[in-house]
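Novice: According to Swiss-Prot, the protein has these features:
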TRANSMEM  9-29  transmembrane segment
TRANSMEM  45-65  transmembrane segment
TRANSMEM  86-106  transmembrane segment
TRANSMEM  137-157  transmembrane segment
TRANSMEM  190-210  transmembrane segment
TRANSMEM  220-240  transmembrane segment
TRANSMEM  258-278  transmembrane segment
TRANSMEM  311-331  transmembrane segment
TRANSMEM  343-363  transmembrane segment
TRANSMEM  395-415  transmembrane segment
TRANSMEM  441-461  transmembrane segment
TRANSMEM  465-485  transmembrane segment
Amino acid sequence: MNKSTLNNPVFYVSAFVVFLLVIIGATLPNRFGAVAEKLFHFTTIHFGWFYLLAVFVFVVFLITLSLSKFGKIKLGATLTKPEYSFFTWIGMLFSAGFGAGLVFWGVAEPMSHFFKTPFPAVEAMSEEAARVAMGYAFFHWGVSQWSVFAIVGLVIAYLQFRKKRRGLISTSIQPIIGKNKFIADTVDSLAVIATVMGVATSLGLGILQMNGGLKSVFDVPTSIWVQMAIAGVMLITYLISSSTGLDRGIKWLSNINLGSLFIIIVFVFMAGPTVFILNTFVLGLGDYFSNFIGYSLRLTPYTGDTWVREWTIFYWAWSTAWSPFVGAFIARVSRGRSIRQYVLGVLVVSPAIACIWIAAFGGTAVYNDLMNGTSIAEAVNADIAVALFETYQHLPMTTILSILSIFLIFTFLVTSADSATYILGVMTSRGSLNPTLVTKIVWGLLITAIAVVLLLAGGLEALQTASLISALPFTVILLLMMASFTRMLSKGEKKAEQDKE
């Protein structure tokens, strides 16, 4: 660990706060969970409108920016070429973004909406419920969620590679708040805390999901010992990957992830109800586009229904809490892209892959329940972890598909953890693009230790809920980043025009 880390208050403050929260979560999981739940509910009830409006603004801003004259500006020097091939770049975006989550929720979400519909007037498990379920699943995994990551990544990439400044959240809002060390350290500490808590809980929940998959396929018992073994293998794998750097470990894993994802999609598409999947995809896209503004700003103040809070607002809070990590990683791998290319990759290609996955897997599950009288929706309602494997029961080569999916979840989680250790190293090394291996190992060990401790104590979901509370201040920070970026961009463009004259 170098001096830039040891002398950085961000490292000590964030490590202390995380340690404190983990101790509370491990010793008082129920009480901690109740308090975290109450605080999170307070933010979603009173500021749900703010989340929805902010994310909608992000989408409009990014699309407008990409289509404007600023779209051709490079994230780097004018002649800089992209650091990674398009396929590898998309694989990296997807792996850091939400790969492991999509593998499960690609079936679980549409089937959850099919079983309990977003609109009270729509009859559950009907043809109309299926249509609404697919449209809403597309919406939740589409451009809105990615716009949150894209804002952070765009501003940091512009600062790092165009302006040669530190790639920190605090640096990105400096034009608005000025050079205030206390505010800067507070913002960066909050980013580190949210990243550690978010990644650790996702790792823990991913381990539980993998254990569920192993039980479904190989009848491996659900036990803490199995989960600790999975955590140990995962730790060793992502520390080895981390030691090889971005150009080897994460790059290779990302290519494997995206390649495996496409292989599974193609198989399900060919072996499943092919025409139904195609129809579902096209209809789902149509519903997504036609309902985009309505879904983006949907609230239910007249009925008191909680569905939007439980789903849409929860998703936007989750995305915002994760945005410092995912956005910073996206920035790191996007050097050499123009703003227009960046928005196309992050805001169009990545969500499109997600929608294709949902259409293939969610469409197959819906088809079987509607046409063949299966009970996948009921099974998912009882246990979300079985969603994917329950769907595989109605496809050929069930065991091979299940093994491939468990492997894919594992590699996605490893890539996310590896990416997180790198970004945490950057954040706690004053923005250095090459944090030391020791710094990355320290964060890797801490993330795994937190996940295992909370698996033992049963405090994972409490810590996850607590991490989502950070979404409220981060939504404000993201809006400041957007305003700051607009100011920097207009000044930079004006200066460039003057230099030409």
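Glycine residues also receive a Cβ, built from the backbone N, Cα and C atoms like all the rest.
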Novice: Given the transmembrane segment (9-29), which of the listed stretches 137-157, 190-210, 220-240, 258-278, 343-363 has the most Cβ pairs that are under 8 Å apart from it?
Specialist: 190-210
Novice: Honestly, do the transmembrane segment (86-106) and the transmembrane segment (190-210) touch, with at least three Cβ pairs under 8 Å and pairs 6 or more apart in sequence?
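Specialist: Per Cβ check, the transmembrane segment (86-106) touches the transmembrane segment (190-210).
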Novice: Quick one: do the transmembrane segment (45-65) and the transmembrane segment (343-363) have at least 3 Cβ pairs under 8 Å, skipping pairs fewer than 6 apart in sequence?
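Specialist: Yes, these stretches are in contact.
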Novice: When each of 137-157, 311-331, 343-363, 441-461 is checked against the transmembrane segment (258-278) for Cβ pairs under 8 Å, which one has the most?
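Specialist: Highest pair count goes to 343-363.
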Novice: Is it the case that the transmembrane segment (137-157) and the transmembrane segment (343-363) touch, counting contact as three or more CB pairs under 8 Å in which the residues of each pair are 6 or more positions apart?
Specialist: yes
Novice: Which sequence-distant residues neighbour the transmembrane segment (465-485)? Criterion: at least 6 residues beyond either end, Cβ under 8 Å.
Specialist: 21, 25, 32-33, 36-37, 39-40, 43, 47, 50-51, 54, 57-58, 61, 148, 151-152, 154-155, 158, 169, 172-177, 187, 190-191, 193-194, 197-198, 201, 314, 316-318, 320-321, 323-324
Novice: Determine whether the transmembrane segment (220-240) and the transmembrane segment (311-331) share at least three Cβ pairs under 8 Å, counting only pairs 6 or more apart in sequence.
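Specialist: Checked: the transmembrane segment (220-240) vs the transmembrane segment (311-331), no contact.
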Novice: At a C-beta cut-off of under 8 Å, are there same-chain residues at least 6 beyond the transmembrane segment (441-461) that contact it? List them, or none.
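Specialist: Same-chain residues near the transmembrane segment (441-461) but 6 or more away: 1, 15, 18, 22, 25-27, 29, 32-33, 196-197, 199-201, 203-205, 207-208, 224, 227-228, 231, 234-235, 238-239, 242, 417, 420-421, 424-425, 428.
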